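Data first, discussion second: the structure below is written as structure tokens.
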């Protein structure tokens, strides 16, 4: 049996217990077999009822915070996760915004440490991969709603501007999806020559430009419009078409092609 050496500080037991495996803080003098208070396990029946409701009725029977609770059950097995789920939604507003939030902001919510934040981001990554897989081997222009869903999930809640390019072949099938630049809160530097160079490297014959506005408002700026025109002009002589430039906001998107801005 491992014993604590005499004189070891009680702080040995004070390490962060993010996943709640120890319902009470223990010290050297605490009895190892002390029974946990009844309130520490009151949430187990709630978890069973919530799982049963989801099993029988699906997600339509659950509020957003309850869906988040179901996920947190696995991540934090020994703690009441309802307050954490509600705190996350209070902080970020929507389920999508919770999963889209940066790691450091997730960890500012009480009860969420690095491990739980990473696991929440893993759920978001799985969702993004699933949406992106819907674009594979499909004609992108005929799957436009899938393109928007994917781009919105991947970019709408980024806190900095991100410039992404979808490279297409002559059948308008997706060849590559690449983030070209990461900028500041309101600006991303884009170099038309580099965009065209990368298209030639991939043997792409068409492009869709996508970037986000962290402010949430997808209205294009004059700089957005001018940059789009420059890329279209650089690509056209090389037989590369610019199909669209889409700006993603938190609650919607704008198509520059749809607005006839280039």
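Even glycines carry a Cβ here, placed using N, Cα and C.
Residues or ranges marked as Zn(2+) binding site in Swiss-Prot (evidence: sequence analysis): 211, 213, 224. Look at residue 224 (Zn(2+) binding site): DSSP puts it in a helix.
Annotation comment: Swiss-Prot describes 31-40 as compositional bias 'Low complexity'.
Positions annotated as domain 'MPN' by Swiss-Prot: 140-262.
What Swiss-Prot lists as region 'Disordered' is 23-44.
Away from its own ends, the motif 'JAMM motif' (211-224) comes close to residues 155-156, 158-164, 185-188, 245, 247-254, 256, 259, 261 of its chain (Cβ-Cβ under 8 Å, at least six residues beyond either end). The feature motif 'JAMM motif' is assigned by Swiss-Prot to 211-224.
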Minimum Cβ neighbour count within 10 Å among the binding-site residues 211, 213: which residue?
213
CB within-chain contacts under 8 A for residue 224 (Zn(2+) binding site), separation at least 6:
211, 245, 247, 256
Starting from the Cβ centroid of 211, 213, 224, which together make up the recorded Zn(2+) site, report each further residue of the same chain whose Cβ lies within 8 Å of that point, ordered by sequence.
161, 188, 212, 218, 220, 221, 247, 248
